[in-house]
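To start, the structure under review is shown below, and the notes come after it.
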Amino acid sequence: MLLFFILGLFVHFVFFGSIFDIYFTSPLVHGMTPQFTPLPPPAKRLVLFVADGLRADTLYELDENGNSRAPFIRNIIMHEGSWGLSHTRVPTESRPGHVALIAGFYEDVSAVAKGWKENPVEFDSLINESKYTWSWGSPDILTMFAKGAYGDHVFTYTYDADSEDFGAHDVTKLDTWVFDKVKEFFHAARNNQSLFSKLNEEKIVFFLHLLGIDTNGHAHRPSSREYKDNIKLVDAGIKEMVSILEHFYGNDGKTAFIFTSDHGMTDWGSHGAGHPSETLTPFVTWGAGIKYPQKVSAQKFDDAFLKEWRLESWKRQDIHQADIAPLMASLIGVPFPLNSVGILPVDYLNNTDLFKAESMFTNAIQILEQFKVKMTQKKEVTLPFLFIPFKLLPESKQLNIVRKARSYIKQRKYDEAVSLCKELIHLALKGLSYYHTYDRFFLAINVVLGFLGWTSYASLLIIKSHFNLTRGVNKEVKKPSHLLSCSCIAIGVSVAFFLLLQGCPWTYYIYCLLPVPIWYAVLREFQVIQDFVTLLLTVPPSYFVGYLLVFILGIEILVLSFFYRHMLTAGLLAFAGWPFITQLWTRAKSISLSWIFFSLLLAVFPLMPVVGRKPDIFLVMGAGLLVLLLSLCVLTSLIKRKDSFINEELLLHLFQMLSIVLSMCVTYSTHSSLRKKQGLPLLNQIISWLILAFSLVLPLLSPTSLFERLFSILLSLMSTYILLSTGYEALFPLVLSCLMFVWIQAEQETLQQRGISCKQKVTSVRFTCSTDITQFRQLYLDDVRRAFFLVFFLVTAFFGTGNIASVNSFDLASVYCFLTVFSPFMMGALMMWKILIPFVLVMCAFEAVQLTTQLSSKSLFLMVLVISDIMALHQPLRDCHVHDHRSGVSQWPGPPAHDKETQTLWQTQKPPHMMLPKPSFNIWILLPILLLH
């Protein structure tokens, strides 16, 4: 049993790891030659203002009095520069956004494993290519570009990381700190000859990272007065910075300014996913080399933004976020960042047509260099007869386009040259995507083969373990033939040799060789397969087809619930009717009514909003009071039932009730303190961490009787869950636990209806380290239903009150009782524990069902694994990259049909799925239930 679960964990960890090799590999290549425009640039210096977390609509729109929140920026739009929207990509986080802005490529998704803080791979950036760069702002952002820069030409000034406190009285100090430091810097430069000479060099960059708006948005939401007032402060600060710079350089007209944001923010104060409020950011630029405002009578955009913002008369030019990097490089004349995939927005440039054409030609050559390196790398590790080149851009076409573009420039046909360069860029980018995903189909096929083999093997173990499924079938055991063994060895050696010739990474060996022993184990049981098929042929076809359709329908509902939460409601409504199709309704009406009531009550939660809701502390308090009331009832019942209630048991119950009371007090006090902008009280923080620590220990001290142990676990986990709750979700574990208690009772009742005598009542069953295996019985069809119930309840536990498939559904306010200073790993761990608490409750109930129904845990877990693995097979079938080798076109599957807003941006964004991979869901199923034993 232990060996099997170790094997199962290994297999599923391998499958889980394959997700990163298939979907989340680094897109970067190295070995390109730097490319820069050969003509003199229009600007000597560039100033980049990045207002972290600033939404485009909140900046551009007028307030209730018809006035702009950012009058200086609006004046720039109308009188001095150009403007538009910058379209970002998923994930809309600070690091990926800044990498796209400054390096010109969309972040290596493997950086998520480092909290978007460290460089997973080295990359080039505008800051690295500059002669000198001075930057002020957050240590999380500035240090990553300083680490990636060569030499000592990058100077960073950062505040302490503890200053990023969501509970602070005034977080605008993050921005005022930047403005004050810049003022001090330029004042000191007048008395420092060395610094003064550096500041008067060409190709220098000033980078001001302004984090206050983002912090206020998380703490108070974008609709708050604090968020909007912070925009006014930033606008005034930028106005002052521009004045200081112009004065310092004597208004020489050689400074270019860019103001933008790394990402936006949802109405509920989060970001990370692909909602338009997160992906649409402002972009305003003015100064040297930038076109002046252009008044137009009509615009090419059909959205209502221009009219809402009253900017319909000023030409709007939208760009992709990665396009900003080549624009900045062109303005100050530095080489385009080597890894940039941005396309120079020439319409923003106020320069000669020759300069625009040369800059676009440089941009095309820079991206084509990446394509060539990527193609060469893939060609070197692929056998010649297997290599399929990108058909749309062969070498002959590359040379033809480059020669033609250069000829157009010489003939002064600048518009034709620009168009041709854009065509080359689009083809090269498609080719980059093609070669980046070249192995995806191959890897996905191997993973699917492994998954199918594992699912088949687990199914065969179930069949072999239970006599009633093979009764009357020939039991003669045949030794596996040598041919099978030799064939599998030959296949394994051939696959290994093939991978060795291609120089594949060591992980490829695991993905490709793992299916071989798995399928060997399956084919060894060919006689069992044959006997099982013979047995199935004895079943009436109508019964077989009926059961098969019900099983398929159940699986599809489970899979759809990963994308449409309301499917959980449909499933729970169906569950409510379960007593009526069995004898449970006639034999145990009280249990049936309880089951129906709690199923219907639980069905409400998936219909509740996941995001966009306001915190409701009174619902959290109400959940705590209900738990206390239930505790008093249970305590009274236990005292009456037990002749001698041990003092230690009583003290434990009282202590856990005290933990609930403390959780309620801390939650209310913290909410009140943060609302008054007094920060997180230290005492509250200490108590919260103590409650979390004790909640993991106290259940182990409770009595081993089933009912008392489960209730002790509920009390301990609820004390933590209340601290992590902000609204109605605090009621979810309580309702779920009540349904789980009824489920345990109902399962024992259904077992008795089948004529199987239960040696113990539910209230007298005890958890022990060793279980009498003689109590275990054979498998029945009803046990498949029990396994399905478990998987459904696990999915409900994951998605009942939240959507872990979307990054922006997490509310940072959930962890404010524990910490308010930004710490992605700690905050992520706390929110993950909040998600897992209902999961733990379901798994505990399942362990109790296994004991009360006298079925071996191995059999039940195997059935659960088979169901979840079949679900997991939908992942590669739905999300697997569709790769057409004939055309060389790579396509991502679109977003769910109901997500119209994301669909409108899909063609330009094509983000990777943030869906929780179902193989990881299976890993959790295999974890031991330590709280019970």
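Just so you know, glycine gets a Cβ as well, placed from its N, Cα and C.
Features reported for this protein in TrEMBL:
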DOMAIN    430-874  domain 'GPI ethanolamine phosphate transferase 1 C-terminal'
TRANSMEM  441-463  transmembrane segment
TRANSMEM  483-500  transmembrane segment
TRANSMEM  506-523  transmembrane segment
TRANSMEM  535-557  transmembrane segment
TRANSMEM  563-581  transmembrane segment
TRANSMEM  593-611  transmembrane segment
TRANSMEM  617-638  transmembrane segment
TRANSMEM  682-701  transmembrane segment
TRANSMEM  730-746  transmembrane segment
TRANSMEM  787-805  transmembrane segment
TRANSMEM  825-848  transmembrane segment
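When each of 483-500, 506-523, 593-611, 730-746, 825-848 is checked for Cβ pairs under 8 Å to the transmembrane segment (441-463), 506-523 comes out on top. Using a Cβ-Cβ cut-off under 8 Å and counting only residues 6 or more beyond its ends in the same chain, the transmembrane segment (483-500) has close neighbours at 508-509, 512-513, 516-517, 519-520, 523-524. The transmembrane segment (563-581) shares the most Cβ pairs under 8 Å with 593-611, out of the stretches 535-557, 593-611, 730-746, 825-848. Confidence over the domain 'GPI ethanolamine phosphate transferase 1 C-terminal' (430-874), given as mean pLDDT on the 0 to 100 scale, stands at 83.
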